[in-house]
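TrEMBL lists 1-24 with the feature signal peptide. Among the features that TrEMBL reports, domain 'Plant heme peroxidase family profile' is placed at 44-335. Here TrEMBL flags His85 as active site, proton acceptor. The feature Ca(2+) 1 binding site is assigned by TrEMBL to Asp86, Val89, Gly91, Asp93, Ser95, Glu104. Annotated substrate binding site per TrEMBL: Pro178, in sequence order. If you look up TrEMBL, you'll see His208 marked as heme b binding site. Annotation comment: TrEMBL describes Thr209, Asp255, Thr258, Asp263 as Ca(2+) 2 binding site.
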Amino acid sequence: MRTALSLLSFLAVSVLILAPMAMADGYSQPQDYQPPAYRKPADGLAAGYYGESCPDMEGIVQRAVKKAFAADYTIAAGLICLFFHDFAVGGCDASILIDAPGSEKYAAASKTLRGFELIEAIKTELEAKCPKTVSCADILTAATRDASREVGVSYWPLVYGRKDGRQSRKEAADKYVPMGRESVTDLVAFFESKGLNVRDLVVLSGAHTIGKASCAAVKPRLCKNKPETLDGKYGDFLRRKCRRGDAEHERVELDGVTPTAFDNGYYKNLERRMGLLETDQKMLHDSRTRSFVQEMAREPEEFKRQFAESMRWLGNVQVLTGSEGEVRSKCSAVNY
Ligand code: HEM
């Protein structure tokens, strides 16, 4: 009996000591956690990549994002969306930032993207301090993490060393970036093609807990009269709102209940048939995604933690490293 009690107290003390250690970086994974195969660290990226060449890189990005957020909190949604669009076409290589005729920036999918000027301003500051060193892909990745922190997402540690791509084609953005009309099967296939899974799809879509969409993106949902997937009052509100003005410029909150809080309200809205985009609402009604939607609706803290975790891996997808790509001098143009 005494041996059993000692064993129990040893276990209790171990849990008390080890749990905070496991949570220290914001991730509560068990000590023997092994990332799934698709989450192996990307070769060529390292935490201390700019340790000698640009030691204050993270500080410079963080201060700039903080200042921009204080002036306009909607920049957080802008940066998170920009980062996702970059990832969607050829991975995180800053191809979305290239400003040239026919580049991704000029795709229909990019019409409402924001944050380009902030990333360029950070680049200019970094070029002054550490010339030709920090890639635009790393700047966008770090700025998105810091913007997410500003809205209350858990911290996630980053590795650096991404290089910038030299290709950017608007046709590719229009082909690959999800626009809100896809089926769940299309979205699952798209995420899986990038090494992310169904849970990542549901969790990352939770970014739609902040930000706005244009009425043009909402129209497909309104045209179909399906009361079983659209709350009546919410549908009437959207029809009224989107009747005014032109569909491109009239904007609606993605989370109609708590539009500025990065919370799990997005999932609760789906349960109330109040998802703004058709693709969002479909995730409640599809057997592959429903249980994750319900889990995130129940577990607000788990959502924020899991969002950070999925974003961390999203930033490692299809990165160029080593002698691949380049470090651009300006984020808006490839080097000549
Ligand atoms: C899974 C499929 C997804 C679809 C179909 C989708 C679609 C859309 C659409 C149509 C808009 C509105 C664009 C407009 O009319 O202005 C939007 C906005 C937004 N999306 Fe997504 N998205 C998806 C996933 C994601 C992911 C994974 C993230 C981030 C991790 C994200 C972050 C955002 C943000 C923050 C906004 C608001 C932007 C702003 O306020 O400027 N989306 N998305």
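Placed from the backbone N, Cα and C atoms, the Cβ positions cover glycine too.
TrEMBL labels come from automatic prediction, so no person has curated them.
Overlay of TrEMBL annotations on the structure.
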residue : record                       : Cβ neighbours (10 Å)
His85   : active site, proton acceptor : 20
Val89   : Ca(2+) 1 binding site        : 26
Gly91   : Ca(2+) 1 binding site        : 21
Asp93   : Ca(2+) 1 binding site        : 28
Ser95   : Ca(2+) 1 binding site        : 28
Glu104  : Ca(2+) 1 binding site        : 29
Pro178  : substrate binding site       : 18
His208  : heme b binding site          : 24
Asp255  : Ca(2+) 2 binding site        : 26
Thr258  : Ca(2+) 2 binding site        : 16
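Using a 10 Å Cα-Cα cut-off around Gly91 (Ca(2+) 1 binding site), the recorded positions His85, Pro178, Thr209, Asp255 reduce to His85.
Here the CA atom of Thr209 (Ca(2+) 2 binding site) lies 23 Å from the CA atom of Val89 (Ca(2+) 1 binding site). Compute the center of the Cβ atoms of Asp86, Val89, Gly91, Asp93, Ser95, Glu104, which mark the site for Ca(2+) 1; besides them, the chain residues with Cβ within 8 Å of that center are His85, Phe87, Ala88, Gly90, Cys92, Ala94, Ile96, Gly165, Ser168. Closeness to ligand 1 is met by none of the recorded positions His85, Gly91, Ser95, Glu104, Asp255, Thr258, no Cβ falling under 6 Å from the molecule. The Cβ of Asp263 (Ca(2+) 2 binding site) lies under 8 Å from the Cβ of Thr209, Pro300, Phe303, each of these being in the same chain and 6 or more residues away along the sequence.
Other Cβ atoms within 10 Å of the Cβ of Asp86 (Ca(2+) 1 binding site) number 28 in total over all chains. In this view, Thr209 (Ca(2+) 2 binding site) is surrounded by 28 other Cβ atoms within 10 Å of its Cβ, with every protein chain counted. Of His85, Asp86, Asp93, His208, Asp255, all annotated as recorded positions, the residue with the shortest Cα distance to the residue listed as 'substrate binding site' is His85. A distance of 7 Å separates the Cα atom of His208 (heme b binding site) from that of Asp255 (Ca(2+) 2 binding site).
In sequence order, Ile210, Val257, Pro259, Thr260, Ala261, Phe262, Asn264, Gly265, Tyr266, Asn269 are the residues of the same chain, not among Thr209, Asp255, Thr258, Asp263, whose CB sits within 8 A of the CB centroid for the Ca(2+) 2 site.
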